[in-house]
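Copied over from TrEMBL:
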DOMAIN    410-864  domain 'GPI ethanolamine phosphate transferase 1 C-terminal'
TRANSMEM  463-480  transmembrane segment
TRANSMEM  486-503  transmembrane segment
TRANSMEM  524-544  transmembrane segment
TRANSMEM  550-566  transmembrane segment
TRANSMEM  573-591  transmembrane segment
TRANSMEM  597-618  transmembrane segment
TRANSMEM  660-681  transmembrane segment
TRANSMEM  710-726  transmembrane segment
TRANSMEM  767-785  transmembrane segment
TRANSMEM  805-828  transmembrane segment
TRANSMEM  840-860  transmembrane segment
TRANSMEM  872-892  transmembrane segment
Amino acid sequence: MLLFFTLGLLIHFVFFASIFDIYFTSPLVHGMTPQFTPLPPPARRLVLFVADGLRADTLYELDENGTSRAPFIRNIIMHEGSWGISHTRVPTESRPGHVALIAGFYEDVSAVAKGWKENPVEFDSLFNESKYTWSWGSPDILPMFAKGASGDHVYTYSYDAKREDFGAQDATKLDTWVFDNVKDFFHHARNNQSLFSKINEEKIVFFLHLLGIDTNGHAHRPSSRDYKDNIKKVDDGVKEIVSMFNHFYGNDGKTTFIFTSDHGMTDWGSHGAGHPSETLTPLVTWGAGINYPQRVSAQQFDDSFLKEWRLENWKRLDVNQGILPVDYLNNTDLFKAESMFTNAVQILEQFKVKMTQKKEVTLPFLFTPFKLLSDSKQFNILRKARSYIKHRKFDEVVSLCKELIHLALKGLSYYHTYDRFFLGINVVIGFVGWISYASLLIMKSHSNLIKAVSKEVKKPSHLLPCSFVAIGILVAFFLLIQACPWTYYVYGLLPVPIWYAVLRECQVIQDLVTSLLTYPLSHFVGYLLVFTLGIEVLVLSFFYRYMLTAGLTAFAVWPFLTRLWTRAKVTSLSWAFFSVLLAVFPLMPVVGRKPDISLVMGAGLLVLLLSLCVVTCLMKRKDSFRKEELLVHLLQVLSTVLSMYVVYSTQSSLLRKQGLPLMNQIISWATLASSLVVPLLSSPAVFQRLFSILLSLMSTYLLLSTGYEAVFPLVLSCLMFVWINIEQETLQQSGVCCKQKLTSIQFSYNTDITQFRQLYLDDIRRAFFLVFFLVTAFFGTGNIASINSFDLASVYCFLTVFSPFMMGALMMWKILIPFVLVMCAFEAVQLTTQLSSKSLFLIVLVISDIMALHFFFLVKDYGSWLDIGTSISHYVIVMSMTIFLVFLNGLAQLLTTKKLRLCGKPKSHFM
């Protein structure tokens, strides 16, 4: 069995990794011939302002007094330059946003699992193509482009990372630092001949990364006065820098200015997903080569922003990354046509290289070219474009080049996804084989369904293994002659041994079919429909949280449809009450959008009240409650009180902009570190150990909470306690075993395997309950499939200085705490129902894999970027849940069975 779980874990890692090979491969193409416009550029230098986290609406709209928060930028829009909305893509994070702005392509998805500051793949950028680039700003952004540049011509000036503090007194100081350092730089250049000559060269770039707005948005929300005042500070700073540039270069008219943002921000202060508040960013340009404002009488857009911003009479020019926005250019028609032609040829070169690469590694009779852009069509379009330029038909050139760009991009996508169908088919075949094998193993080793297994030992046939060896050799040879990557061998060959293992169990399959034929057809169809409905509810809950409410409501009714109601009225009513109470949470807004510390305090008071009741009850049972255990409970109560104090005082300190108090930070980390140790000091009795685990984890969860979600683990745990009791009742009702009192059952690391029983049909329901509770633990208070569900305020009791990996780890632990509570309760269910954890885990594995197969088919590479990202994350979550289930099961066993003692020799106590 250990070998089975090890192989199963490896197979699931392969299935998990497959999504990255199928959908997350690098779109970058190398080996093209550089293309340049033959005409001289209108500007000698570019000044790029990027206001990190700035929303388009907050910049463009007027305040309550009818005045602009950024009067200088608005004056540019009306009198000097062009403006519009830049549409960013998911993930709306700083790194991919800046890569799109500066390198001209959407972030390479193969960078998902790589470093934040380093470039996992080589790519060219505007900075690399410049003669010199000087940049000022965040240490998280600037090194990306400096370390990827060829030569030593990209210079960076960053403040210390500790300045990026969400609890700081004034985050606008980050932007003030940038503006002051740029001024000092130019002041120094006047007295440094070498530097002075460099900044008077052509093809130079000045990059100002302004992080204050993003920091204030995370800390105080975009609707706050801090966020809006920061915009005014940035506007003033940009005005001063522009004036300084014009003065320094003697108003030579050779400077181009661009003011934009890498991403926006939701109303609740997060970003990463595809909400319009995250993807719509401002774009304002002026200076050399940029069109002046264009007055219009009417404009057609799908939104009502122009009227809201009172900019309906100034032409709005929206931009999508990748295609030259010729409408922004103020130059001759010849220049625009040549620039567009160069842009089209650059993208066509990428298409040609991609097609050649794919053709070289595909058998000639299997290669299917992209028919919409054949060699003859490429030649005709390029020839026609050159002819139009010669005859000065520049509008036709632009139109023709846009068509070529559109076709070339479609062709790039076609060759980029060329192997997707082949890889997908292999993964699906492997998935189905694995689910079949796991199901057969359950039937064979853990159930009484198959009784008529033949005892006659048949001589093994060599036909089956020889056939699968031949299939494996053919698959390997097919991949070898096409020079496929080594991962293709994994996906292509993995189904071969899996299906061999399935077909080896042909006797089990025959016995299963025989058993099912003797089963009443109506019963079989009824159970199959209920199982299918349950799976579909689980799948739909990933898209619609209210499906969890529907499921929990059905759970509440379940005891009243069986004999449980007549046997255990109190338990049935408790089950119904807590099921309905838990069903309320998926109907509430996603966590973090409306923080309310009073709810966190209320949750803490409920924990203290519950602790008082439990300790009082335990003290009455003098035979089973020692002073050592009382000390442990009092320690946990004290930890809860301290957590409440830290949450309240940290919130007060941050509101006063005094930062995170050091003592609060120490208490928070100490509470987190002790939360997995203190429960091991409690009694191994089922009720006492589970309650101790709840108290310890709740102390940490309170520190990570910002609102109503603080109550969620408490309600979930109450339902888990009732679940343990109700499963005992169902087992007694079915006559499998006699009911034991929970007070007489202890967690034990060395469980007597002779007490385990075979699986029954009702155990499928128990496994389904577990999966449903796990999904509820994931999505009960938010949609973690969406990056913007994470609220950085959750970690402010631990740290406020920006640290993406540490903050991510803390928020992941917050998600896993309800998961751990469910797994610990499941350990008790297995113990009280005398059920092997291996057998029940196999059923859970099959249910999870069927869900994963659903999501594999639901993965999209079309539609909105929010839909694409969400569909992929759903698959990743289910596969991660299956893999982490093994590790969390081990953690739950450790928390429930391990016993530590404060002092003295262990004493035996019988309950």
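Just so it is clear, glycine is given a Cβ too, placed from its N, Cα and C backbone atoms.
Relative to the transmembrane segment (573-591), the listed stretch 550-566 leads the set 486-503, 550-566, 597-618 in CB pairs under 8 A. Two recorded stretches are said to be in contact when at least 3 C-beta pairs lie under 8 angstroms, sequence spacing 6 or more; the transmembrane segment (805-828) and the transmembrane segment (486-503) fall short of this definition.
Each of 463-480, 486-503, 597-618, 872-892 was scored by its Cβ pairs under 8 Å to the transmembrane segment (710-726), and the highest score goes to 597-618. Mean model confidence of the domain 'GPI ethanolamine phosphate transferase 1 C-terminal' (410-864) amounts to 85 (pLDDT, 0 to 100 scale).
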